[in-house]
Amino acid sequence: FSSATSTAGKLHTTEDSEVTYTAETSLRFTLTMAQALDIGRWDLEYEFNNTAHRTDLNGLDRLVVRRGQTFTISLHLRSGSFQPGSSPFSIIVETGPCSTESTGTRAVFGLSSSVDETCWSASASCPDGRTVALSICSPPDAPIGRYSLDLDQGHRVSLGEFVLLFNPWCPRDEVYMDSEEKLREYVLSQDGIIYQGSYKYPVGTPWNFGQFEYGILDACLRILNENPKFLRNPEEDCSARRNPVYVTRVLSAMVNCNDDRGVLFGRWRDDYADGVNPMSWRGSVEILRNWDANACQPVRYGQCWVFAAVACSVSRALGIPCRVITNYMSAHDTNSNLVIERYVDENGHSTQGSKDMIWNYHCWVESWMTRPDLQPGYDGWQASDPTPQEKSEGVFCCGPVPLKAIKEGEITFKYDAPFVFAEVNADVHTYMKYRDGKVEKIIGSTQVGQNISTKSVGSDRREDITHLYKYPEGSSEERETFKRAEHKNKLLQQGPDTGLDIKIKPAGDMKKGCDFDVLAIVTNKTDASKMCRLMFFSRATSYNGILGNDCGYKDLLNLQVGPGEEKRVPLRLNYCKYGGNITEDNLIRVAALLKDYSNNDVILTVRTIVLENPDIKIKILGEPKENRKLAAEITLQNPLPDTLEGCCFCVEGANLTGGKTITETLGSPVGPGQEAKVKVYFTPTHFGLRKLVVDFHSNKLGHVKGYRNVIIGK
């Protein structure tokens, strides 16, 4: 039968339709001999099913269900009645362009007395004799994606389509998570916090994941269909979509565009004229919609937190519990030796000598799933990284790899364990290159894998999850981990104790626009006086460790430190010097190089400091209610001694701004100390806790982020 759809989008009729007979199976022939149901119309019960399957935020205009859970549709009979056992029919579900029963992408099944939650099954009841309640259940390992749903009683009736997602509420599903609170955070929450800044000063930045906004699920399904594995072998790819490990690896490759028609184009230099500065993004919705609307052309531009956030949005949309994490002092080991080699000249300035890098921070995602492909004990959080850094199996992707494998040094485990292990555990060797060409190893204090952070469940607090990736520095477990990873113990590589210690510490607040001091604290732990040379310098830096221009320098040729004495040497950082050099990352790398004249030992310590942006104040005007217009007053005070021009506020929020960005531009400049203020209006579409995310930009003060939690009443 061909069906006609009512204006309500739910009711379908078989009137005035053609009948097509096909002899497909003996089961179908048997059905033609039985009494066929005279179906006048049917209802896929979008609202009831989507609400029961926790997919109602995707909308109520189509059927979106989760695997391993029953959904119910209504068949309204035009005449006759339904008699269990005497009105047999079969149901056909298919996904992908080349569906077959052997691959699990096609299933034909009849009615049973009750549904079986381990396989495709159906049962039916008819309390009033005229409306058949047809209950259908998919297996908990069914491939996810778009499905057609047909009824066959000797002739085939297309009942429509549905989307099948992973089901983390189903104990038999490989993505099952047994905490309702965590499921609200890692699957249903449409906003969150991503951490930037430095490990000494983590800065939380709001992000609108928006996985339930209009059109986002369709874009996520399109990502799967644009993946090269699908294009090469659709049947095999669609069948493999039952496996969250496979899907997560596909997403890791498809969120970047290096090998395919992926979502984001990465750029790490300050040239974004033909696209969008990565600092400008406030959420994933605009990115995914732009990619989908522009024939899968990559969206320009992304950096690590943008890649990770988009991957998180897609994972949550498909039903995989997911979170964004930040690894501070993140190593990029290019030659797979688990060692980061850094070179400085005699003045302590970094020189080219290795492609290895240490990023001030790097973001990736963790997804929750079992790992039946590995030995027992490695289920749970799996790290994957969509930022294109190194190739894996010929493609720019990384993971998923169990966090436990990283912690235990099991670097042979799938996928890409050595690379992730190095990001959080690599040793750092620092060498000094002298003018005469001699290269000498010096004592350094850099440790990678610091303060690994993510948003806490149910609150905006930061959760430190470093313990999930590594044992405490210097512990016996850590030494055993390195031995297992066939890597030397860090403690054996730190060199002898020189009796001198040097640390870098800010003297006070480090607010952008202000002058402030940074201290080099030199401690002599010996009984003899020490004469030293101290070179204390600072340079602007980007989050991925690329150094910029000088921000301040001091060279003390003869610094005497008495026995047991602690000396504090200040370095003044003036806005007039650093203001024009720093990037929008607001980072300055401060380094202190100390040379002991008595034995020529050299000690280098490095610290990245974060300049504080001003706060954005957001005041909600009126009582927040569902489908009621609301206003927000947004204010920022100019902290700079410069006048700000071209001031602009951009505002968005899941279920607050209709999936769009509200932009308000000020018509006049904002002088030093003055306030930039706007009022925006929006209409919330769903009740509950939501985040209103704000970005401020101007010619001198760029991409300041702020947010306000808003509780929307029913």
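Yeah, the Cβs are placed from backbone N, Cα and C, and that goes for glycine too.
Summarising the annotation, TrEMBL assigns active site to Cys304, His362, Asp385. The feature Ca(2+) binding site is assigned by TrEMBL to Asn425, Asp427, Glu473, Glu478. If you look up TrEMBL, you'll see 296-388 marked as domain 'Transglutaminase-like'.
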Please identify, among the active-site residues Cys304, His362, Asp385, the one with the smallest Cα-Cα distance to Glu473 (Ca(2+) binding site). His362
Let me make sure I understand the structure: which of the binding-site residues listed (Asp427, Glu473) has the fewest other Cβ atoms within 10 A of its Cβ? Glu473
With DSSP, how much of the domain 'Transglutaminase-like' (296-388) is helix, how much strand and how much coil, in residues? 15 helix, 41 strand, 37 coil
Number of other Cβ atoms within 10 Å of the Cβ of Cys304 (active site) across all protein chains: 28
Could you tell me the C-alpha distance between Cys304 (active site) and Asn425 (Ca(2+) binding site) in angstrom, no decimals? 19
Integer Å value for the Cα distance linking Asp385 (active site) with Asp427 (Ca(2+) binding site) is 21
Could you give the Cα-Cα distance between Asn425 (Ca(2+) binding site) and His362 (active site), in whole Å? 14
In whole Å, how far does the CA atom of Glu478 (Ca(2+) binding site) lie from that of His362 (active site)? 22
My understanding is the cutoff is Cβ-Cβ under 8 Å with a sequence separation of 6 or more in the same chain; which residues meet that for His362 (active site)? Cys304, Thr326, Asn327, Ser330, His332, Thr387, Glu423, Asn544
